[in-house]
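Visitor: Quick paste from TrEMBL:
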DOMAIN    2-161  domain '6-phosphogluconate dehydrogenase NADP-binding'
BINDING   4-18, 95, 238  NAD(+) binding site
DOMAIN    164-282  domain '3-hydroxyisobutyrate dehydrogenase-like NAD-binding'
ACT_SITE  170  active site
Ligand code: NAD
């Protein structure tokens, strides 16, 4: 089985390395040659275009920033659609708009190319460990056929519905993560302003009801003043934008998401778009004139 992998960034690089570890043969493509070179050193070959990559692949995986990037790679002038073999399968693991997944599914189906939308959660550490959570939309028989491939990068792979359902699930995930980081930032700023060590507050509450995976991943980063991504504010803005657009399309309301979106926009204006999303703490620090540190 030959897998084509497009997008070797923070996530795609370790994910593709885990596919090689699992015994799959890979052909890769990224805009940055140095990313491709790392995979070449492990035995992967490189293709010049998505079209050329698709011509050599049984399954094509995309791990790109947002809907337009995936649309270009799959449907663009030199896209996968122009080179894929009859009956090829595309697994898009990027976090994109559910509507875009549905539209691409319809276009690819005209050429007998199947698509699953299969975004992930867990960030770079879990991508490296191969313990991501994958949430998958699409045909159930196709999901079953691709399960082992996805499982070689993940500890959890769950089918959540028809095409687009994977990205709806991911939007729900991103809303919960954003609101958690904002709540943590608000609380640790309060503690600091009140003269209580935020480090001790974190240690005291992490085992109780306020404890969470988000708190354990992000509070130490804030306390260490380490805002190296991780998950960039720019990408989280993209996810919240997709969540708000989707909610408006279907008549759902996301008042808390809208508020956190404005905080992230303010941080981007302050030059922090490339910082980790734990830098939401900096928004509160600016308001209160304190620094949350050890
Ligand atoms: P990234 O910016 O680090 O990587 C994207 C890669 O895609 C880059 O290397 C870029 O060169 C390449 N690229 C862009 N367009 C391309 C094209 N048309 N052809 C070939 N290569 C192209 O982003 P990332 O952090 O790896 O995120 C990828 C996706 O995974 C995003 O949708 C993101 O929201 C999602 N995600 C990220 C994390 C995280 O913690 N970083 C966690 C879960 C999900």
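Glycine residues also receive a Cβ, built from the backbone N, Cα and C atoms like all the rest.
Just so you know, TrEMBL annotations never went through curation; they're auto-generated.
Tell me about the setting of these features in this model.
Guide: In the three-state DSSP assignment, the secondary structure recorded for residue 95 (NAD(+) binding site) is coil.
Note on the domain '3-hydroxyisobutyrate dehydrogenase-like NAD-binding' (164-282): mean pLDDT across this stretch is 98.
For residue 170 (active site), applying a Cβ distance below 8 Å and a minimum sequence separation of six or more within one chain yields 95, 119, 120, 121, 135, 239.
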Visitor: Looking at the binding-site residues 4, 7, which sits with the largest number of other Cβ atoms within 10 Å of its Cβ?
Guide: 4
Visitor: Can you name the residues of this chain that are 6 or more positions from residue 10 (NAD(+) binding site) yet have a C-beta less than 8 Å from its C-beta?
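Guide: The answer is 124, 127, 229, 230.
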Visitor: Out of 4, 7, 10, 95, which binding-site residues lie by ligand 1, with a C-beta less than 6 Å from some atom of it?
Guide: 7, 10, 95
